[in-house]
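K.L.:
TrEMBL lists 369-504 with the feature domain 'SSD'. Under the heading transmembrane segment, TrEMBL lists 15-35, 351-382, 402-426, 447-469, 481-504, 551-571, 857-876, 883-906, 951-970, 976-1006.
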Amino acid sequence: MEIWWFSRVVAHHPYAILSAVFVLSSTCLIVPLATNKFPDFTDPKMGFEARGTAVAQRLTAWMNLEKATGARGQLIDNPVEYYNYLLQSIKQNTTDSFNGTRTIPGIIRKKPKNKSKKKKYNKLSNETAINDGKDQWDELLKLKNNKNRPEHIHEVELNTQEEFFCHLPNSLYARVVIGSDNKDKNLWSLEGVLAQCHIDAMLRANPKFPYLCEKPADHGSDSEKCCRSWSPANYVAFLSNRTSCLGVTEADLARVETLLKRCAYYYRNHHLTADCSEDFNCQKQVIKNNSNATLEVAMLFLPMAASAKSLNFYKNIAIDGLEYGSFRVVGMELGLKDTLFDRLLVSDSSFLLSGFAFVTFCIWAYTSSIILTVSAILAVIFSLGISYAIYTLVIRINFFPFMNLLAIVVAVGIGADDAFIFCKIWEENKQEKISIGGMTKLVQKTLVHAVPSMLVTSLTTAVAFFASIVSNVTAINCFSLFSGMTVIANFFLMVTWLPASVVVSEHCRFVILSPANFMVRKIIRPLKITMGKVSVGFSHTLTKIVIGLRWLWLPILGAAALAGGMVVFNYPGLRLPDSPNFQLFDSSHQFERYDLLYKRKFWFEKLEMDGGEGLLPLRFVWGIKPVDNGNYLDPTSRGELEFDETFDISDQKSQVWLRKFCHNLRAQPFYHDTQGPLLSNCFIESFSTWMTRRCEDPGDPQLSRAPCCDVNSYPYKPQVLRRCVAEASADLYRTPHHLWTREGAVAGGIKYLKDSVKPTYLFNNNNNNNNTNNNNNNNNYNYNKNMPVPKIMVLIVEYDSTYSYSLSFAEMNEFYNKVETWMQQQLTTAPRGMKNGWFVSYLEFYELQRTLYEGTIWAMVVSMILALIVLALVTLNPLVSLYAILTIGGAILSTVAALVLLGWRLNVLESVTVSTAIGLAVDFSLHYSVSYRACKSEKRVDRVKRVLEQMGGPTLMAAATSGVSGALMLPSHVLAYIQIAIFMLLIMGVSWLYATFFLCPLLAVIGPSPEFAQFHYTRLRRLFEIFCKNGASYQLKIEQQQVARSSLGT
């Protein structure tokens, strides 16, 4: 055997290799942490969204459109308003821009929509907007002091009634849900009222409550006086003129119940106003009440903000004391779910460290070497450091999701596995060291046997992770890249760092561990002898069980794999998530119970989640390209708007087509009749009606409205439409605000380029100044004939659909496919200026569901194909490769099926787990396959025996260490750690069982002989050379024939 140069370097210069690798790895570990910010996990849900798909690009374009129509954006709704504002600014010689804080009296502006309640997968709600960086407590104080809010009409009235409540509750306040495990228990009873009073008192007795609670306005800094909590019990006391809920009687409950039943119909139909004023929709209605009369759960609002400041309040809550009789607190919303997760992610990492310590102990017990143990652990740490350096400094990815922490599990599992395999082969070859020629040949022989095994496992595992890049979810893409690079870095260390460490360990053993050493004689040598006997006995027993019962294991595990396939792909199948709230804690946690079980039981929460009425809007957009030109690996990078230069609504053909489009839309079964006029629906219809007005102004006959009057007929000339539609927009803004605004941050209609209406001159004539000033004072929407024609950039046609927002993938998929199919059919007849329209709605969560399912399936298929290719290139035996892939597929199907039966749904964390399963399931089967291929015995059974003797112990040790280290994380409160623990137990156990009890029996029954279907790179090289020679000879023959023909022709 020819000695590799690398083997000589490892054998004779191990310290040089260790020093070089240590410096390189330490640099890669330190530099990124010193130059970049430490990863921030305060928003654990960041990156849990689809990017790059057709729907995702539309959603991103819509988000950019929302930004562009904001105060600092480049688009405006009402060019006349903006132009008049600029005129007044010029007249006053001010340097304030329109985007500043100055306002013009009399101009009505749309109130900003609430962005604090925007769910990652949901649409926007319409509460008061708050800044993400501000604390909600400050917002509550602003709400309280804002006398313009309708809710405070009611508040003023309550102030005259001894201030029973400070004002109205809303979703900015902390809240708890009270219920009972006994479904027959009724909270609308004296016992239920007392339970609410008791739990409220216990919560208010918290020592941190006085520092957080909201106080009545007339009490100022009085720390003893906090606002009263909002609960059904307190409302009954208020309506019954009781000073406390403790004074409520059965008669009070009956009287209030009657009142509630009378008002229930109007409440559910949104005909009740916050200030109890009369609503024109509120007509007398008598319906039969078939609702359940048992109040199972009730919500109690605390007069304190739901924010991160309530963390100390939560820590001081005595959960056991929050109960009264059979009633107790069953859910909480304190606004600190993400904050608590960020804290527990760090504190519960002690469980992760305990697993790490267990792996360390197992490596030390197996190798009996402190040097090798420390080297193996450092190899895991260095592999993560090298990967992080490439991730942040080379690829320059700024986003690091907490999902990437799963790479630690991958590094520990693969690192321990490779260390066990290398040490096992080293020990076997060391017995022959003297006869084969010393340390150099020992290193050579160990590398020859160990490197192919480690190479194939590392490549297939890395390929399995990289295959998940086919997913369009940002967090999954980042995890795939980081984990794949970690595996590659681990292989680099295992062929450089670990062999050198083994050589150094051997040198130290000769020097330190002499036979005269007491520790050697009394502890280490007896322990090694015992471990050796156990290992021999285990290998002998395992061989008998595997080979002797091979006809039993094959049908059992084969049937289990088929059953797993039925569970995964048929019933119950890979179930998609049914909640937009990403679960961070165990299902028994109070915060998760609120989100998963009780949140949608309360109408105000349901309305905020479903966006007001809950009907899905039909939004059709022209003028904007549905593209996402941001960085897909950075959730904060959304790119910029790209305008469609071909868009032209002023063309007469476009006008006719748009009118027909709106007519056809209203004829569709998914169209919902919408009460609302003007431009926010289909602007061309309202505009054509507006253009039928007379040209003479009734108030001033000398004032002509031409050309924006009945002098022009539909379809209008392009220049007429561009000029008059701006004036029509100004009239729209004269309409009362509530008649035309839509449920969204961007109203329907036309959007104009802000820069196109800026004045290009200053007024020097005083008369012009005075006239302009008078016009602005009388009406800020008066059209100015000198205003340049605004440039139309975007058109939005918006209606309501008959579909309600749903978390069901099937319902949302039906809605999207119906509308999208119809839209594409309409665009086939559209003129050039309207060809590039697109449809969008509340599709964030639907797109995430679809992307997760399709991406996971594709990742499984692609990773299996790539793993087969890698294995075939390493073993050069198609039969062995095929058997290994069948085994790996069976292990993956069985593992995923078990997770499905445990109730897992295919959310982001679960999808990452499936990718990790693919990566970790290949190790043991590939080790057996490479060892089987390297064995030279003629009989299949003898080859399998040799494989089990060589690989059975190390693979079991690797499976046991990884599985137990995962189990040590089960006591954690963080769901990610719990799921990692369950997953590690399953994947390690199932993959080892299939590799040992399915692949080995399969090879013993139908495995190839040493030379059957076995290719070699030398033979392939010869075939390639023969092919090249034949090709060259054939080419030479053709050239000779051509020369001969030309000679004859001459």
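Every residue, even glycine, has its Cβ placed from backbone N, Cα and C.
TrEMBL annotations: computationally assigned, not manually curated.
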K.L.:
Quickly jot the same-chain residues contacting the transmembrane segment (15-35) by Cβ under 8 Å, restricted to those at least six beyond its ends, or write none.
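P.N.:
Contacts of the transmembrane segment (15-35) (Cβ under 8 Å, skipping residues fewer than 6 from its ends): 9, 378, 381-382, 384-386, 388-390, 392-393, 493, 496-497, 499-501, 504.
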K.L.:
Six or more residues out from either end of the transmembrane segment (857-876), which same-chain residues have a Cβ under 8 Å from its Cβ atoms?
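P.N.:
452, 455-456, 459-460, 463-465, 467-468, 470-471, 574, 882, 884-885, 888-889, 892, 914-915, 918-919, 922, 926, 929-930, 933, 1014-1017.
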K.L.:
What residues in the same chain, six or more past the boundaries of the transmembrane segment (551-571), come closer than 8 Å to it by Cβ-Cβ distance?
P.N.:
889-891, 893-898, 900-901, 993-994, 997-998, 1001-1002, 1005
K.L.:
Helix, strand, coil residue numbers for the domain 'SSD' (369-504) per DSSP?
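P.N.:
Output for the domain 'SSD' (369-504) reads 119 helix, 1 strand, 16 coil.
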K.L.:
Which whole number is the mean pLDDT over the domain 'SSD' (369-504)?
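P.N.:
On average, pLDDT over the domain 'SSD' (369-504) sits at 87.
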